[in-house]
Each structure stands twice: as C-alpha cells, then as structure tokens.
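Undergrad: Dropping a structure here in structure tokens format, bear with me for questions.
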Amino acid sequence: MNKKQNFYAAIIVAIFLCLQLSHGSSGVSFEKTPAIKIVGNKFFDSESGEQFFIKGIAYQLQRSEEELSNANGAFETSYIDALADPKICLRDIPFLKMLGVNTLRVYAIDPTKSHDICMEALSAEGMYVLLDLSEPDISINRENPSWDVHIFERYKSVIDAMSSFPNLLGYFAGNEVTNDHTNTFASPFVKAAIRDAKEYISHSNHRKIPVGYSTNDDAMTRDNLARYFVCGDVKADFYGINMYEWCGYSTYGTSGYRERTKEFEGYPIPVFFSEFGCNLVRPRPFTEVSALYGNKMSSVWSGGLAYMYFEEENEYGVVKINDNDGVDILPDFKNLKKEFAKADPKGITEEEYLTAKEPTEVESVECPHIAVGVWEANEKLPETPDRSKCACLDEILPCEIVPFGAESGKYEEYFSYLCSKVDCSDILANGKTGEYGEFSDCSVEQKLSLQLSKLYCKIGANDRHCPLNDKNVYFNLESLQPLTSESICKNVFDSIRNITYNHGDYSKSNPSRSKESLNVKYPSSEERENDGTIAFKTSGFVILLISMIAAGILL
C-alpha cells in the first residue's frame with residue numbers, strides 16, 4: 001500500500017469516527033446484517049429466508065513471542081483485539097470488502113472493551129462475525145482438560161459483551177481441543193461447554209445465538225468427533241472443520257474433498273470449513289473455492305473461511321501490515337478475491353427446504369463406542385461449574401493460594417507434591433470414565449487450596465502455618481469464623497468436614513476478614529519423603545503478628 005492509499009484509509013477512519021461521535025454508537029444501522037438462523041442443517045437469512053453461505057476469512061492479530069517476552073507483562077492480554085480498536089478495524093474493512101467476504105472468524109476478544117464501532121462498521125458492509133469464546137490463556141487444555149468456573153466465567157463474559165450485535169453469527173466453544181486419538185478424552189469437556197453456553201444464552205435474555213465447535217481434519221478421529229458432537233442430549237448447533245487437504249492446484253477428486261463431502265452428506269447440523277487454505281504452494285491459488293461453492297459441495301457445506309487475513313511468521317496471510325501501519329496487499333489476496341468473486345453457490349430458501357423434507361433429526365445419531373486407544377470420550381459430561389460452591393472454598397479453607405502468574409510451573413509442582421500426600425480424587429476429572437470429582441469444576445487455585453488445606457489438617461496443624469513456603473500461599477483468617485446454620489456455605493463445609501481441620505479455639509475469636517501472608521518454609525525433598533510431622537520456620541515478625549491477631553489487637 002503506498003502513501004496515498006494510507007492517507008485515504010486514514011481519512012475513512014476519521015470520517016467514520018466523526019459520524020459515530022455525532023450520531024452516537026448506534027449511528028450505523030444493522031439493516032444489512034439481519035440475524036442468521038439455523039433450520040435443520042442450513043443457515044438462513046431470518047428476513048429474506050434465503051440460504052446463507054459463509055464466505056469468510058480468519059481475522060486475528062497476534063503478538064509475537066519476542067514482543068510478549070520483551071513486554072514483561074505490560075500487555076493487558078496476550079492477543080490483540082482488533083474489533084475493540086477502531087483504528088485497526090476501520091483500516092481493514094475496505095480491504096475485507098475488496099475480498100468479497102461476508103464473515104470474519106475472530107479467535108479472541110477482550111470482553112471488557114467496547115466493540116460497538118467495529119461491529120457496526122462491519123454490519124454496514126454486510127459482514128458477520130464467528131467468535132471463539134476462549135482466549136489463549138483461558139481455554140480447555142487438551143492434555144489436562146477441565147471445565148471449571150474460571151473458563152465458564154470467560155465464556156459468559158464474552159457472551160454478555162457480544163450477543164447484542166445482530167451480525168454476531170455464532171460462537172465456537174472450542175477449537176481443535178481433541179486433535180488426535182491420544183486426547184479424545186478432552187471432548188466431553190467441550191461438549192459440556194457447549195451445553196452451558198447455550199443454557200446461559202437461553203436464560204440471559206440474549207438472542208438465541210448458536211454455539212458450535214471447530215475441529216481439525218485428523219483421519220483417525222474425524223468420524224467419531226463428528227458423531228460425538230451431535231449425539232445424545234447435548235449437541236452442537238453447527239460444526240466447523242479446519243480443512244487443509246486441498247493444496248495448490250489439486251482437484252475435487254484428488255484432494256479428499258469428494259470423500260469428506262460424501263461423509264457429511266445428511267449431517268444434521270450446518271457444517272462448513274472453519275479454516276481452509278493450504279500454503280504448501282505460494283502464492284496460494286485458492287482453486288478450492290470454486291469446488292466448495294460449486295454444485296457438488298454446496299448442498300452439503302455452508303461455505304468456509306480462508307486462513308487468514310494478516311501475514312505472520314506462519315505465512316498464511318493475504319495482507320501484510322507495514323511499518324507505517326498501512327496495508328500491503330500480497331499475491332494471495334488477489335487470488336482469493338478473484339475466486340470469491342466467481343463463487344455463486346446455488347442455495348435453497350427456508351420455505352423450499354421445509355417443503356422438500358423435514359429437517360434431519362439430530363436425535364437419530366448414535367454416539368461412538370468407547371475403544372481403548374482409539375476413542376475414549378465418555379458420553380457422561382462434567383457438571384455445570386458451580387461458582388457459589390467454589391467461592392465457599394475461599395471462605396472455609398484454612399490455606400489459600402492466589403494465582404502464580406508468570407510462575408505457572410508451580411501448579412504442576414505443587415499438585416504433584418500435595419497429591420502424593422493427600423487424596424485428590426475430589427478434584428480429578430476423567431473424560432474417559434465419566435467420573436468428575438465434587439470440586440473438579442473449581443478454579444485451579446481453589447483446587448490447589450483444597451489439597452493444601454487437607455495436608456495442613458493431616459499433619460495436625462494447631463497454628464496458622466500453611467505447609468508451603470511461597471509468597472502466594474496465605475493462611476485464610478476468614479476460615480476461623482464459625483458458620484451459622486443459615487450460611488450458604490454450610491453444605492460445602494459439611495461435605496469436606498471429614499477432610500478439613502476443626503480450628504478449635506480459633507473459632508471463638510473474631511479476627512479481621514482479611515488474609516495474612518505467612519513466610520513458611522516449603523518442605524525440602526528429604527522432608528517430602530516423610531509422611532509425619534514436617535518442621536516449618538517462620539520469622540520472628542510473623543510470629544509476633546500472629547500473636548497480636550490471636551489476642552484481638554488487630555480487630
């Protein structure tokens with residue numbers, strides 16, 4: 001992009017911002033993006049009744065590893081939310097319009113920021129957004145999966161922030177969480193996330209925005225995954241596949257597209273390519289576009305999204321942002337623009353679809369059978385994370401952990417140590433067996449605090465020394481206050497009474513509800529081998545402070 005083009009792009013941004021300031025955040029109409037709804041296995045325009053085909057591109061700016069490392073925690077998020085930055089999105093929208101896209105896939109947004117300007121500007125150009133609910137640091141981990149209060153709160157905050165926009169097409173509850181046969185046990189957690197996100201939308205007076213899943217194209221798992229997410233009582237609303245089988249100048253017959261189309265014929269929910277664009281040949285010719293929107297595939301597939309808009313180290317971009325924050329068009333851009341311009345899928349109206357046949361019944365799909373080493377996703381799902389229950393742990397546990405931040409390796413270290421000393425079954429979640437501990441839905445800090453408190457009680461603690469030497473470990477003075485029979489935490493306390501310590505005379509005091517950090521020695525490797533009493537050291541100042549609290553001086 002030359003200086004003249006950069007100048008005009010800046011003018012467009014300035015004009016749009018002025019219009020927003022003069023007319024308010026609702027100055028742009030959403031008439032060009034009526035809500036898209038699902039009927040059977042198709043997307044339809046809710047006003048015209050015409051079938052909707054996704055013709056889109058992935059749109060997400062990433063921070064480089066070097067940038068994150070040099071920043072030393074200065075950034076609010078590890079990702080860049082372009083939809084919350086009008087300078088970025090308004091710069092890019094003219095180029096997205098040139099591409100001929102009608103949908104963006106965005107992988108992470110900051111729910112604390114306003115997205116009004118960018119979402120309204122996209123709507124003015126007839127563009128929708130498919131949005132992932134997770135973000136890089138808050139998501140379901142395929143190797144150690146959990147569906148807990150922390151992740152659920154993230155999902156709810158995104159839903160609350162974005163559901164008012166009519167051009168919000170749908171949410172992804174996960175992306176490639178199970179990516180091969182070694183981690184199929186992670187899929188029950190994603191399915192639980194779909195269930196709870198849909199339930200939250202339903203009970204929060206939000207528009208009924210669909211929630212789906214984006215998977216990879218692994219040969220060993222793709223059939224079972226496709227069945228798993230539409231079987232049983234909990235089902236995805238749509239299903240995306242990150243598809244990279246077509247490279248260069250492949251064909252419908254040689255690429256694998258023919259086989260995939262046959263496999264998904266009659267699939268009960270909308271299915272589309274949530275990513276496509278193999279880059280083994282550069283510039284990419286994007287010849288797969290003509291096949292995807294052609295007669296052989298458009299009756300099965302609801303379109304797709306090219307990966308991706310921004311050029312990064314992985315070399316999948318169609319534009320490159322230059323040193324002046326301007327946009328330089330790459331050869332891939334011209335090829336994708338040309339292919340999208342030719343794409344003209346022949347759809348069906350909602351009325352024709354309903355008249356031709358009844359929508360496919362999702363209930364008819366049988367869940368895949370468990371096969372060790374092949375498919376190990378149980379039909380039984382984790383329960384909905386219970387925020388109130390988990391918050392009670394913060395009130396009643398004697399020892400408490402606060403987040404370790406950059407020292408995330410401590411979680412694994414401390415869990416390994418504590419679970420060698422106490423029974424951790426109440427925090428374990430097993431997607432293979434369908435067994436989920438009572439507190440497996442709590443945050444990682446709450447789960448670690450529970451196990452630390454067990455060890456504190458196991459060693460017969462009669463003071464306020466928690467058995468880990470770490471600045472993030474606290475003795476919880478709030479736990480010393482006796483619970484009344486009316487307390488909402490009484491049931492939680494009763495459920496762990498047999499594994500936690502009765503603080504005896506401490507309950508007679510009325511300490512402050514603050515938390516007190518203790519300088520307690522972390523057991524050495526030799527001490528960890530002993531199951532008996534562990535010696536702990538504290539500074540004289542801390543001993544004095546504890547004595548003062550016990551005497552009521554700090555009331």
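Every residue number used here counts from 1 along the chain in the order it is shown.
Including glycine, each Cβ sits where the backbone N, Cα and C put it.
Swiss-Prot lists Glu176 with the feature active site, proton donor. Positions annotated as (1,3-beta-D-glucosyl)n 1 binding site by Swiss-Prot: Tyr107, Ser134, Glu135, Pro136, Asp137, Ile138, Ser139, Ile140, Asn141, Arg142, Asn175, Tyr307. The annotation (1,3-beta-D-glucosyl)n 2 binding site is assigned in Swiss-Prot to Glu176, Asp217, Arg222 on the grounds of a curator's inference. Sequence annotations record features per position, and here Swiss-Prot assigns disulfide bond to Cys89-Cys118, Cys231-Cys367, Cys247-Cys278, Cys390-Cys442, Cys392-Cys489, Cys399-Cys466, Cys419-Cys424. Marked as N-linked glycosylation site by Swiss-Prot: Asn498. The GPI-anchor amidated aspartate annotation in Swiss-Prot covers Asp531.
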Undergrad: Once the DSSP letters are reduced so that anything not helix or strand counts as coil, what is Cys278 (disulfide bond)?
TA: coil
Undergrad: Based on DSSP, name the secondary structure state of Asp217 ((1,3-beta-D-glucosyl)n 2 binding site): helix, strand or coil.
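TA: SS state of Asp217 ((1,3-beta-D-glucosyl)n 2 binding site) = coil.
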Undergrad: Where the distance is taken from Cα to Cα, which of the recorded positions Cys89, Glu176, Asp217, Arg222, Cys231 turns out closest to Cys399 (disulfide bond)?
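TA: The smallest Cα gap between Cys399 (disulfide bond) and any of the recorded positions is with Glu176.
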Undergrad: Whole-number Å only: compute the distance from the Cα of Ser139 ((1,3-beta-D-glucosyl)n 1 binding site) to the Cα of Glu176 (active site, proton donor).
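TA: On Cα coordinates alone, these residues lie 11 Å apart.
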Undergrad: Quick one: of Cys89, Cys118, Cys367, Cys392, Cys424, which of the disulfide-bonded residues has the smallest count of other CB atoms within 10 A?
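TA: Comparing Cβ neighbour counts within 10 Å for the disulfide-bonded residues Cys89, Cys118, Cys367, Cys392, Cys424 gives Cys367.
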Undergrad: Please find, for Glu176, Asp217, Arg222 as listed binding (1,3-beta-D-glucosyl)n 2, the greatest distance between any two Cα atoms, in Å.
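TA: Between the most distant Cα atoms of the (1,3-beta-D-glucosyl)n 2 site, 11 Å.
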Undergrad: By the DSSP assignment reduced to helix, strand and coil, which category contains Glu135 ((1,3-beta-D-glucosyl)n 1 binding site)?
TA: strand
Undergrad: Among Cys89, Glu135, Cys231, Cys278, Cys419, these being the recorded positions, pick the one whose CA is nearest to that of Cys442 (disulfide bond).
TA: Cys419
Undergrad: Compute the mean position of the Cβ atoms of Glu176, Asp217, Arg222, which form the recorded (1,3-beta-D-glucosyl)n 2 site, and then list in sequence order the other residues of that chain whose Cβ is within 8 Å of it.
TA: Asn179, Thr215, Asn216, Asp218, Thr221, Leu225, Ile241, Asn242, Met243
Undergrad: Whole-number answer please: how many Å between the C-alpha atoms of Cys419 (disulfide bond) and Glu176 (active site, proton donor)?
TA: 30
Undergrad: Is Cys392 (disulfide bond) helix, strand or coil when read with DSSP?
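TA: SS state of Cys392 (disulfide bond) = helix.
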Undergrad: Nearest to Cys118 (disulfide bond) by Cα distance: which of the binding-site residues Tyr107, Asp137, Asp217 is it?
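TA: Sorting the binding-site residues by distance from Cys118 (disulfide bond), the top entry is Tyr107.
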Undergrad: With every protein chain in view, how many other Cβ atoms are within 10 Å of the Cβ of Asn141 ((1,3-beta-D-glucosyl)n 1 binding site)?
TA: 12
